[in-house]
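Engineer: Dumping what TrEMBL says about this protein:
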type	residues	note
BINDING	Asn109, His114, Glu119	oxalate binding site
BINDING	His112, His114, Glu119, His160	Mn(2+) binding site
DISULFID	Cys33-Cys50	disulfide bond
DOMAIN	64-214	domain 'Cupin type-1'
SIGNAL	1-23	signal peptide
Amino acid sequence: MTKLFTCLLTVALLALASSLASAHDPSSLQDFCVAVNNSNSAVFVNGKFCKDPKLTTVDDFFFPGLDVPRSTSNQVGSNVTLINVDKFPGLNTLGIALARVDYAPYGLNPPHIHPRATEIQTIIEGTLLVGFVTSNLDNRLITKVLNKGDVFVFPMGLIHFQFNIGETNALAFSSLSSQNPGVITIANATFGSNPPINPDVLAKTFQLDKNVVNYLQQKF
């Protein structure tokens, strides 16, 4: 009898531990979600209403045109075409997005993070230097040169980049583990925020002269 009681108690405790381990809040699909009591001013957590399944068509699950090269005539020499739920409604609740990334020779997709997604990238053409930086206190750079056919993964929330080190155009496709992965480009967010971050904060953070900070804030 004692053995039976012990066995049942063990099973019960394991079941409780398992339920606690698997109980967690769903990942957020926006930067924040302020609680309100008035349902008239509220939206669904993922920000999208669902179409009646009986009214869906094949076009809800189809997106054309990713074979077309995008312009890279900009300061960084790259162009990210993100296909998320806003452009492709069929992605809603599926937890995935796709991006085409075009790079001019020596074009850069500058250091950035995706707050809500891991990214896995496949190189279609060209040679890219890619990498990400681990979190504090380590801040270790994980980097590699990739060629056509290579695949690399960038863990969610870590700063990462891609740089075309070749003399020809490069092309890559990325899959992201969220219908709305979000993106924060480090330089733009730091020096181009609206309103601007106090220059004294940035000067002390980056150990820069305040005049340099003012210049960077004007540039971004």
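Even glycines carry a Cβ here, placed using N, Cα and C.
What you are looking at is a predicted structure, and each value in this text was computed from that prediction instead of being measured.
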Engineer: What residues, ordered by sequence, lie under 8 A Cβ-to-Cβ from Glu119 (oxalate binding site) and sit at least six positions away in the same chain?
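Structural biologist: Listed in sequence order: Val153, Phe154, His160, Ser174, Ser175, Leu176, Ser177, Pro181.
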Engineer: Calculate the distance in Å between the alpha carbons (Cα) of His112 (Mn(2+) binding site) and Cys50 (disulfide bond), and round it to a whole number.
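Structural biologist: Rounded to the nearest whole number, the Cα-Cα distance is 31 Å.
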Engineer: Rank the binding-site residues His112, His114, His160 by the number of other Cβ atoms within 10 Å of each Cβ, and give the residue at the low end.
Structural biologist: His112
Engineer: Identify, in sequence order, the residues in the chain of Cys50 (disulfide bond) that are 6 or more apart from it along the sequence and have a CB within less than 8 Å of its CB; answer 'none' if there are none.
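Structural biologist: In sequence order, the residues whose Cβ lies under 8 Å from that of Cys50 (disulfide bond) (at least 6 apart) are Asn92, Thr93.
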Engineer: Taking only the residues in the domain 'Cupin type-1' (64-214), give me the average pLDDT of this model.
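Structural biologist: Average per-residue pLDDT within the domain 'Cupin type-1' (64-214): 96.
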Engineer: Cβ within 8 Å of the oxalate site's Cβ centroid: which residues qualify beyond Asn109, His114, Glu119?
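Structural biologist: So the additional residues around the site are Val80, Ala99, His112, Ile113, Ala117, Gln121, Phe154, His160, Gln162, Ser174, Leu176, Pro181, Val183.
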Engineer: Name them in sequence order: residues not among His112, His114, Glu119, His160 whose Cβ is within 8 Å of the mean position of the Cβ atoms defining the Mn(2+) site.
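Structural biologist: For the Mn(2+) site the neighbour list reads Ile113, Ala117, Phe132, Phe154, Leu158, Ile159, Pro181, Val183.
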